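Following: one structure in structure tokens, then a few remarks.
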Amino acid sequence: MESYLNENFGDVKPKNSSEEALQRWRKLCWLVKNRKRRFRFTANLSKRFEAEALRRSNQEKFRVAVLVSQAALQFIHGLNLSSEYTVPEEVQAAGFDICADELGSIVEGRDVKKLRIHGGVEGITEKLNTSVNDGISTSENQLNKRKEIYGINKFTESPARGFWVFVWEALQDTTLMILAVCAVVSLVVGIIMEGWPKGAQDGIGIVASILLVVFVTATSDYRQSLQFKDLDREKKKITVQVTRNGFRQKISIYDLLPGDIVHLTIGDQVPADGLFVSGFSVLINESSLTGESEPVNVSELNPFLLSGTKVQDGSCKMLVTTVGMRTQWGKLMATLSEGGDDETPLQVKLNGVATIIGKIGLFFAVVTFSVLVQGLFSRKLREGSQWTWSGDDAMEIVEFFAIAVTIVVVAVPEGLPLAVTLSLAFAMKKMMNDKALVRHLAACETMGSATTICSDKTGTLTTNHMTVVKACTCGKIKEVNSSKASSDFSSDLSDSALAILLESIFNNTGGEVVKNKDGKIEILGSPTETALLEFGLSLGGDFLKERQRLKLVKVEPFNSIKKRMGVVLQLQDGGFRIHCKGASEIILAACDNVIDSNGEVVPLNEDSINHLKDTIERFADEALRTLCLAYMDIHDKFSAGSPIPVRGYTCIGIVGIKDPVRPGVRESVAICRSAGITVRMVTGDNINTAKAIARECGILTDGIAIEGPEFREKSEEELLDIIPKIQVMARSSPMDKHTLVKHLRTTFEEVVSVTGDGTNDAPALHEADIGLAMGIAGTEVAKESADVIILDDNFSTIVTVARWGRSVYINIQKFVQFQLTVNVVALIVNFASASLTGNAPLTAVQLLWVNMIMDTLGALALATEPPNDELMNRPPVGRKGNFISNVMWRNILGQSIYQFVVIWILQTRGKTMFHLNGPDSDLILNTLIFNSFVFSQVFNEISSRDMERINVFEGILKNYVFVAVLTCTVVFQIIIVEFLGTYANTSPLTLKLWFISVLLGVLGMPIAAALKMIPVGSV
């Protein structure tokens, strides 16, 4: 895709960092608690490099195969070929005359010689026991035989990692391993000195804490991996149209079998290896396999179609020959590693923050350890026992070391980048329920900063359920929005005019009228084609009869640049007739004649031209899409290779197609406006139609509506002046859309979201910060270029994506604010206490528990808040917005100061204030400090639910995860303090001390509310 875009649209730069830059950056992040965990859900770059090298090798093999096949084409026709192929017995017994390996060698090797030996495409069709018209039989027995002989169209996937793999990876945390060593030393020394079980209590406490952290971490990561697996499965759901038992139907690509007849059109991905049966103007982009950006022309002379390639132009029927892992694409996919996405921009930022804070934490840990050890030496010097060391002294040094290591554990905010993944995974799962499939993690995050949406009209703002409601033929304008109206319209036309109109409708189309399994008439094709075919049937036309009457010589599919479609028919007298349809102004400009009220062909004059132009304008003002139909007879010899003429046509008539605006679009546009998001309509329709729809949607207010040709003619200076004012762009080409998006992103620094459904939308989707492809009308090429797929093609869903994007961004900010507060306080408290008093109030076990509260549990609580309507009443962050805002710094510093002051007062004055005496006074005081610290985090977590609003309880009960996390935290805290004192170095507290602990935590909430009233600006 990259090579195709660069070849056709200039230098298209990637939106994210290069792989080399990511590789360099990851190597710099050496101070990490667990590298495997931090980068678990991101791409495995080394595996990707290996796969890319293998891909290049495969591409070189393909190039050689292409050259060989081209050489063979020059000589093969003169050779007298004989076949030495022997059909395996099991294949013959199943009713087939060719095996899977032979089929694979023909298509994969583009072996024209072998193909001729087997009788060409017709011979392969017979040997596969199928029909180009009716397809394969759908009887269960026949389908099972095909699966048994030829396999199924699925690729081998790497097995999902089990829960214990995540446990093993969580255990490979560097600091946890060091703590485990400390625990072992503590166990050995403790048992030697004090015996079992008393001497093992400290060591067992550390081991239990490590295991708890590991299992909670592994559970969280395992659940995330399952979510990503489900989303990956959704991404791969592709349907194709096939003919089976004589009926056209849609099936999953995974259900395709050799012998199936597949119908391909522009933008489709070739779902399996196969052979061209019939079609016109087929160009295939094979860059995904061969690396060549130049499209390959596929026809009877070069009939090979390879899985994974894209239809760039034309349409055709394909005979499936090879499926699944036997295809070249399947073999290539087997070499690729499913490593996830690259880091999102926010993950890169937060990993950087985590690394910097980690280094600061390491410094404080070393200093703390040094101060504590120095304090021990000083005490022994005072006692005169510096040369006498006991097991208790060794245990004390081990405890000091464990505290230092745990400071690093707490200081490194490893949860920051992982909170992004957790929040994005949660949002992606919820967005699937809201009909939005996120293909790239970064899009979910970036959508929250979107400042502009460039939206298509058809199918996004409108329903895409089209009907012809007005028609102008033979100089008469009639309403045709009912069966009776259509009947009256056809009876008013002369026989010749009606005949040429029906001939145009039924032959110049990409759609079909077929009978389904129930014997009912079904119309297949795009909404526009469906509307025209329905109109033709309502006039009394017979699709099959018209198609069989004349021979189709050439098809020129609709092109979004030329904005027209044409076909060439061979008449029974040997002449040729060209039918053309497309954008009304363009087709009318190509006409020299018109059919008058008597059904006669007469030259166009000023009156008739003005009448037709007025009709186009009148239809457009009524928000109708207009199409002009025209034809031309030529008596010279015409071949399929000849170009279709661009002038000299006779105008048959103009039709007005109604495509109603989707319910709720106007309200969604209003929501975008209040959220500071500008909505722009970019469409290929007539400008009057576009303006009428834009006004109805609330998009066109006081801005500019401009046509693509006029936009193209503007100078660079003029573009800079008008682009911010553009609200509607009509008759736009893919290049116009790309230019608009590029200027908005680069010159005006907007964060741009773009919708698209066609192959030619790929450049704009790729250029945009967020590409949104339509799931129903979108081609596979458009979906591949997009970051998000809108499954219901609805503009309101785009607004939902924006709301979720903002929710993700805000949730991560909340978590960062909460975690940095814990980091700062825990770091300063232990360091200051160790430096000034010679001991640390928070032990290793306690710090591990605090780490789990602020890391995994904190992320679960704050990163999974659902979006609220208030999110869409504030301006977007934009491209230059700071992630850690002034509001966050205010809250972090205010809460940190409060918590530090409280803990410091408790440590220095606690014994006096609460009359703590006796041998356990130090243990009780440290337990009170630990308890107060934990409850400060519990209530700070509640305050962090909203960074600016004072009422943080609104909707709290709707977030079950948040309530569950808080409940579990409080319950476990009670258990640790009251029942696990032996292992956690705590002592049961009196009711009074419990009340004081909780009260000190609660007081943090009015402090937080007061802080929110201090104005600091939003930057």
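Cβ atoms are placed via backbone N, Cα and C, with glycine included.
Pulled from TrEMBL:
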- 117-191: domain 'Cation-transporting P-type ATPase N-terminal' (DOMAIN)
- 176-197: transmembrane segment (TRANSMEM)
- 203-222: transmembrane segment (TRANSMEM)
- 356-377: transmembrane segment (TRANSMEM)
- 397-427: transmembrane segment (TRANSMEM)
- 887-907: transmembrane segment (TRANSMEM)
- 923-939: transmembrane segment (TRANSMEM)
- 960-981: transmembrane segment (TRANSMEM)
- 993-1014: transmembrane segment (TRANSMEM)
Stretch in 887-907, 923-939, 993-1014 most in contact with the transmembrane segment (960-981), if contact is a CB pair under 8 A: 923-939
Non-local residues, at least 6 beyond the ends, that sit with Cβ under 8 Å of the transmembrane segment (993-1014): 890-891, 894-895, 898-899, 902, 914, 924, 928, 931-932, 934-940, 942-943, 947-950, 952
Tally of residues which DSSP labels helix, strand or coil - the domain 'Cation-transporting P-type ATPase N-terminal' (117-191): 47 helix, 1 strand, 27 coil
Across the domain 'Cation-transporting P-type ATPase N-terminal' (117-191), average pLDDT on the 0 to 100 scale: 81
